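Engineer: Sharing a structure with you now.
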Ligand SMILES: *Cc1c(COP(=O)(O)O)cnc(C)c1O
C-alpha cells in the first residue's frame, strides 16, 4: 500500500498535489511519501518480530544503498531502524542521519583499511566479512587500534535467487561471500586471529526476489551451518539474513510474497537457532514510497512508433536501461479514460534512454505531467549528470507538508565542479 492516490482527478502524494509541487520545484523530480516509508518499515518489523517470530527483537538494518538521502534515513532512524552500509560514505550518512553505531552493519567485498578504521573508531555493531583476506586485514587493523570487531562471515549458499542476473548475488560464480562449505575452515582460522571475534553468519542472495523458495533454501543451509559450527566449538550468537524481498513493480501482475509470508517462513526455519537476528531490507522499505515526476516535452510521430519525449532521462532513472526494469506510468491529470500506445523516451543521446517500449498507457500530450511509480529505491541514488543534465532534485511529503530534501543544483555549480589546470589559463 502507498499514499500516491488521485483526488479530484489529480495524482497526490499524501495531501500534496503533484501539479502544485511541479509548479514549485520544476521537473523532473523525485517525490517520497513519509507515511509510505513508515508503513513499510512497520509492516516489515511486525512480520519479523516476536510473537510472530520467536526470540528477541531483531535488528532491522535498512540497506542505505537503496536510498541514501538523509531525510529518508532520518525518517527510518526515528522508527528505530539500524543501517546496513557498504562504504565509509554510507557509514557517515547513516551516523549523520541519527542511526547509532551500535545498530550499523558494514557489508561489502571491498572494504579498505581506511574504511575499517573509520568503522572501528565508531564501534559499529558488526562487520560482514566476505573473505579470509578481509578477515586478516580487519584483524590487523582492529588489533592495532586496540579493538575487537564483531564479525559475521557472509556465506555464499550457491542458490539461484531467480532474479535479474545483475542483482543475483548467491550463486557460486558471484563475487559475494565465502563458499558455504568452506565456512568452518574460515571460522577456525578466524579464531586464531587477534582483534576479531567471529560470532555470526550472514547471507544475502539477491534483490527483487519474488519467490520465497530460494530464500528458504539459503536460510536452511545457514541453519545447518550454525549447528555444524557449534558442534565444532564455535559460539554463534548472531545470524544476518540480508534483504532482497521484492516489491510490486507491475500493477497488473501478482504481488511478490508479502512480508508476513516471508516472516512466517523465516520464523519456521529459524525457530531453533537461538541467535540474535538481523535483516537488511532496502527496496522493500523505499521502493514504492517514491515516484519520479516528469513533464512531456513533445510527442513525435516516428515512422512506425509514437514517441513520448519527456524531460526525465536515463541519467535520472537508469533502472530501465540497466536492468530492463518496468516502471508503471501514470498521468498526473488523466484525460478521462483516453489511452495511447507509445515509446516513452528521454532527451539523452543514447538509444538506451528508453523508459518503456510500446506501452499502453493514459494519453499524454505536450506539457502534461506524468510519473514513474516505484522509484524510491535504486533510483535517485543512481542519478548522474550525463549530457550535463542537472542532478535530479528530491522532495519529501508528510501529510500536507513538503520539503526539498535535495535541491536542484545550478548550472554554475555543475560547471564549478571541474577545474581548468593553470597551464590552460596562462596567456601565450
Ligand atoms: C543491496 C543489499 C541489501 C538490500 O537489498 P534489497 O533487495 O534492496 O532488500 C541487503 N544486504 C546487502 C549485503 C546488500 O548488498
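Note that Cβ sites are derived from N, Cα and C of the backbone, with glycine treated the same way.
TrEMBL labels come from automatic prediction, so no person has curated them.
Features from TrEMBL:
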type	residues	note
DOMAIN	29-376	domain 'Orn/DAP/Arg decarboxylase 2 C-terminal'
DOMAIN	37-286	domain 'Orn/DAP/Arg decarboxylase 2 N-terminal'
MOD_RES	65	N6-(pyridoxal phosphate)lysine
BINDING	244, 280, 281, 282, 283, 378	pyridoxal 5'-phosphate binding site
BINDING	283, 319, 323, 350, 378	substrate binding site
Engineer: Report, in whole Å, the straight Cα-to-Cα distance of residue 319 (substrate binding site) from residue 280 (pyridoxal 5'-phosphate binding site).
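Structural biologist: So the alpha carbons of residue 280 (pyridoxal 5'-phosphate binding site) and residue 319 (substrate binding site) sit roughly 21 Å from each other.
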Engineer: Nearest of the recorded positions to residue 323 (substrate binding site) by CA-CA distance, picking from 65, 244, 281, 282, 378?
Structural biologist: 378
Engineer: Give the subset of the binding-site residues 319, 323, 350, 378 lying near ligand 1, defined as CB under 6 A from any of its atoms.
Structural biologist: none
Engineer: Taking each of 65, 281, 282, 283 in turn, which of these recorded positions have a Cα lying within 10 angstroms of the Cα of residue 350 (substrate binding site)?
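Structural biologist: Qualifying among 65, 281, 282, 283: none.
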Engineer: Measuring Cα to Cα, how many Å separate residue 283 (pyridoxal 5'-phosphate binding site) from residue 319 (substrate binding site)?
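Structural biologist: Rounded to a whole number, the Cα-Cα distance is 13 Å.
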Engineer: Around the C-beta of residue 378 (pyridoxal 5'-phosphate binding site), how many further C-beta atoms are within 10 angstroms, looking at every protein chain?
Structural biologist: 23
Engineer: Going by Cα-Cα distance, which of the recorded positions (65, 281, 282, 378) sits nearest to residue 319 (substrate binding site)?
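Structural biologist: In terms of Cα distance, residue 319 (substrate binding site) lies closest to 378.
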Engineer: Let me make sure I understand the structure: which of the binding-site residues listed (244, 281, 282) has the fewest other Cβ atoms within 10 A of its Cβ?
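Structural biologist: Ranked by other Cβ atoms within 10 Å, the binding-site residues 244, 281, 282 bottom out at 282.
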Engineer: To the nearest Å, how far is the Cα of residue 281 (pyridoxal 5'-phosphate binding site) from the Cα of the residue listed as 'N6-(pyridoxal phosphate)lysine'?
Structural biologist: 10
